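Record features, source TrEMBL:
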- His97, His99: Zn(2+) binding site (BINDING)
- 9-197: domain 'Class II aldolase/adducin N-terminal' (DOMAIN)
Amino acid sequence: MSIVVKKWRELAEVKAELAARDWFFATSGNLSIKVTEDPLTFLVTASGKDKRKQTEEDFLLVDAFGKPIEDTNLKPSAETLLHVEIYNRTNAGCCLHVHTIDNNIISELYGDKGEVAFSGQEIIKAFGLWEEDAPVRIPIIPNYAHIPALAKEFAKHVNGDAGAVLIRNHGITVWGRDAFEAKKFLEAWEFLFSWHVKCLLLKQAAVLPVD
Ligand SMILES: CSC[C@@H](O)[C@@H](O)C(=O)COP(=O)(O)O
Ligand SMILES: [Zn+2]
């Protein structure tokens, strides 16, 4: 099996799992997986597709600039430049971007602060942090409509082989050394967002004590 086919299947599997979670509202979301290192090539979702569907045209192979390598009618994701920043700056192997209600609420609640941190949650161990009360933080950046401007702002926070950025009132982009790690981190972030939103609602309803 060629490396492209192998990576295609790997990304298709992740895409199907995220679709089963209903994380691809209204054609939102984009995913990518690194195929070769030198020269850099990666598979990225085609733009504007319903990512819940599985088709032969789900992904296309692009180069280090996010340009298609072969002749195709497909357009790479509108947000391919963000994936380009990750693969050019780190040794990440996979990048996942989803819009969820919870990640949008958190990004708006803490957007002015430019970040949000969580601690005291067992799921934080998914990030490899084992100390009690270890904090995890995620930066929140403005949702510039101009994608090169968004990518430039995003790049300021791309400084490790795994990481995540919230784009305000837009969604989360998570990357990891491979598809397994990127999905694990994405699930852990979404768990934290959903938990936090529900805690805030219960506190508001005076069901939980307000600290
Ligand atoms: C309808 S979702 C808005 C899109 O501009 C974008 O944010 C998104 O996540 C999907 O864009 P795509 O070009 O399909 O990768
Ligand atoms: Zn998006």
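Glycine too: its Cβ is placed from the backbone N, Cα and C atoms.
Bear in mind that TrEMBL entries carry predicted annotations, made automatically and left uncurated.
A 10 Å cutoff on Cβ-Cβ distances gives His99 (Zn(2+) binding site) a total of 18 other Cβ atoms nearby, all chains included. Cβ-based neighbour count (10 Å, all protein chains) for His97 (Zn(2+) binding site) stands at 24.
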